[in-house]
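Report on one structure; see the data block that follows.
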Amino acid sequence: MKKRMIFATGNQGKMKEIREILADTEYEVVSMKEAGVDAEIIEDGTTFEENAVIKAKAIMELTGELTLADDSGLEIDALNKEPGVYSARYMGEDTPYPVKNQKILDRMEGVPEKERTARFVCVIAAAFPDGQIRTSRGTMEGIIGYEIKGENGFGYDPIFFLPELGRYSAELCSEEKNRLSHRGEALRKIKDIL
Ligand code: IMP
């Protein structure tokens, strides 16, 4: 019988991705809802690592079960690594992404191409019932483009340009994105730790 593990997210897209990546392990992954946990966790850390650990630990302590949690965001070098851990909250949680993305393009106006470097970061924390904590980090490097482009993905994907591919992240299909993404990399690394 497979061992059970909770993935602390309410996001169905993330659940699908983690189930696919962990399919060949001894773990069955369940969402917080499936585990019967309903908790509002305050993510007041200042790094992706801190926030991922806060979430994983809180749910592990509530359930006593092995719990994974992730935290992710976009770091733009020319903007002092903003929006960083505040990516979801940038300009307010309810502000639509076309508005957030346009604001970033405006702030990047005049910044030359070689200084437009940015990356998506994802940190996954695993909180074990014996109190042990492990983390893994994945990144996807690119630059902030000059327009909003592409229909796929979510969040900041339409302004994130991948120079090697000559395409915006929102122009990748989900298989390509999973293969290249910060989240895919962090998930594969945590799989090796488990
Ligand atoms: P969270 O880790 O679910 O809290 O998400 C953090 C935020 O970072 C998201 O709401 C997006 O704004 C941004 N973000 C994280 N990963 C991606 C991505 O793959 N594409 C676009 N935006 C992302």
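Sequential numbering from 1, following the chain as shown.
Cβ atoms are placed via backbone N, Cα and C, with glycine included.
Where the annotation comes from TrEMBL, it is an automatic prediction and has not been curated.
What you are looking at is a predicted structure, and each value in this text was computed from that prediction instead of being measured.
The annotation active site, proton acceptor is assigned in TrEMBL to ASP71. Sequence-distant contacts (6 or more apart, same chain, Cβ under 8 Å) of ASP71 (active site, proton acceptor) comprise GLU43, GLY45, PHE48, GLU49, ASN51, ALA52, LYS55, VAL85, CYS122, VAL123, ALA125. DSSP assigns ASP71 (active site, proton acceptor) to a strand in the three-state reduction.
The substrate binding site annotation in TrEMBL covers THR9, GLY10, ASN11, GLN12, GLY13, LYS14, SER72, PHE154, GLY155, TYR156, ASP157, LYS177, HIS182, ARG183. For the recorded site, GLY155 (substrate binding site), the DSSP three-state label reads coil.
According to TrEMBL, the feature Mg(2+) binding site maps to ASP71.
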Three-state secondary structure, THR9 (substrate binding site) (per DSSP): coil
Neighbour count (Cβ, 10 Å) for SER72 (substrate binding site): 22
GLY155 (substrate binding site): tally of other CB atoms within 10 A of its CB: 19
Same chain, 6+ residues apart, C-beta under 8 Å of the C-beta of ASP157 (substrate binding site), given in sequence order: GLY150, TYR168, SER169, ALA170, LEU172
